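Engineer: Summarising the annotation, TrEMBL assigns domain 'Kinesin motor' to 1-285. Sequence annotations record features per position, and here TrEMBL assigns ATP binding site to Gly27, Gln28, Thr29, Ser30, Ala31, Gly32, Lys33, Thr34.
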Amino acid sequence: MPLLAVAGRPFVDHCLQGFNVSLFAYGQTSAGKTHTMTGNLREPGQVGLAPRLLELLFLQISEAEGKEGPDKLKFTVRASYLELYKEVITDLLGPADGASLQLREDVCNGVYVEGLTEREILNAGDAMAVVEEGTARRRTNETRMNQESSRSHAVLTVYIESWSRADSDVECIRSSRLNLIDLAGSERNTSSGATGERLKEACSINQSLTTLGRVISELVDAQQSAQAGGGPRHIPYRDSRLTFLLQDSLGGNSKTLIIACVSPAEAHAAETASTLEFAQRAKRIRNRARVNRDTRGDEQLLRREIERLKR
């Protein structure tokens with residue numbers, strides 16, 4: 001079954017219904033993660049999952065806004081694009097100086113990046129421009145395994161808000177996030193031939209991916225323990241900025257799909273087996289996705305209900 005059929009319309013539908021959605025591309029260097037997520041942006045027929053999803057998103061928004069009726073929907077869409085390189089977060093849509101941004105967490109917003117640019121996008125063309133701009137600024141370097149290897153994790157987030165006026169007083173708002181995540185490739189240092197700065201990059205990438213694997217294993221164990229009546233367990237989200245940033249996508253409020261990218265080459269059999277083991281563990285996690293809904297005008301509803309009950 002084509003990937004777009006699995007990760008296309010169903011996940012766009014989830015976003016428009018108010019669910020958060022996260023799509024990961026995971027695998028070794030040169031296995032096709034960036035090709036899967038971004039593709040060749042210079043060739044319309046060869047673009048990856050992210051541009052196709054955004055095109056589909058705006059197609060469905062246009063259809064929804066074109067429908068008439070008392071619950072007619074309106075939408076606003078914004079996007080951010082960040083890079084995580086050696087535990088430093090950079091805004092790929094922000095100033096060219098690449099200043100490091102900080103992760104924050106609070107009760108209202110959850111985990112977020114302070115000062116990250118959120119650009120309004122009005123149509124599929126605007127969305128494509130964001131993808132092109134951010135992708136062009138990502139760090140890439142040549143390694144023994146890949147001539148143009150992504151040396152950072154990249155997270156493109158699309159923020160969607162929709163609202164309808166259910167009656168003259170009450171406005172129902174749904175908000176969701178679509179996270180499109182291209183993880184840097186895991187690689188064995190003995191295979192990559194990395195030295196100096198490239199070796200430091202590889203070690204940082206492998207460390208964050210190891211933490212990701214540990215978080216997934218701990219989540220599986222914690223959920224199994226809870227089912228058996230055990231108490232809460234610590235999940236080491238904060239051991240890496242990657243896992244802290246993606247906390248909601250891993251065991252939280254999100255519908256999440258992990259795309260395991262593997263190489264058919266016999267020389268990479270060990271890395272392929274490792275990727276498949278990672279995917280097998282990850283599929284056992286149960287997230288707690290819910291519709292993000294805010295109803296404004298509750299006071300008017302309550303007043304009308306009180307008046308009705310007095311009669």
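Every residue number used here counts from 1 along the chain in the order it is shown.
Just so it is clear, glycine is given a Cβ too, placed from its N, Cα and C backbone atoms.
Just so you know, TrEMBL annotations are computer predictions that nobody has curated.
In terms of burial and nearby residues, how do these features look in this structure?
Structural biologist: In three-state terms derived from DSSP, Thr29 (ATP binding site) belongs to neither a helical nor a strand segment and is classed as coil.
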Engineer: If you draw a 10 Å sphere around the Cβ of Gln28 (ATP binding site), how many other Cβ atoms fall inside it, taking every protein chain shown into account?
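Structural biologist: A 10 Å sphere around the Cβ of Gln28 (ATP binding site) contains 25 other Cβ atoms.
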Engineer: For Thr34 (ATP binding site), which DSSP three-state class applies?
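Structural biologist: Thr34 (ATP binding site) sits in a helix per DSSP.
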Engineer: How many other Cβ atoms sit within 10 Å of the Cβ of Ala31 (ATP binding site)?
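Structural biologist: Taking all protein chains shown, Ala31 (ATP binding site) has 26 Cβ neighbours within 10 Å.
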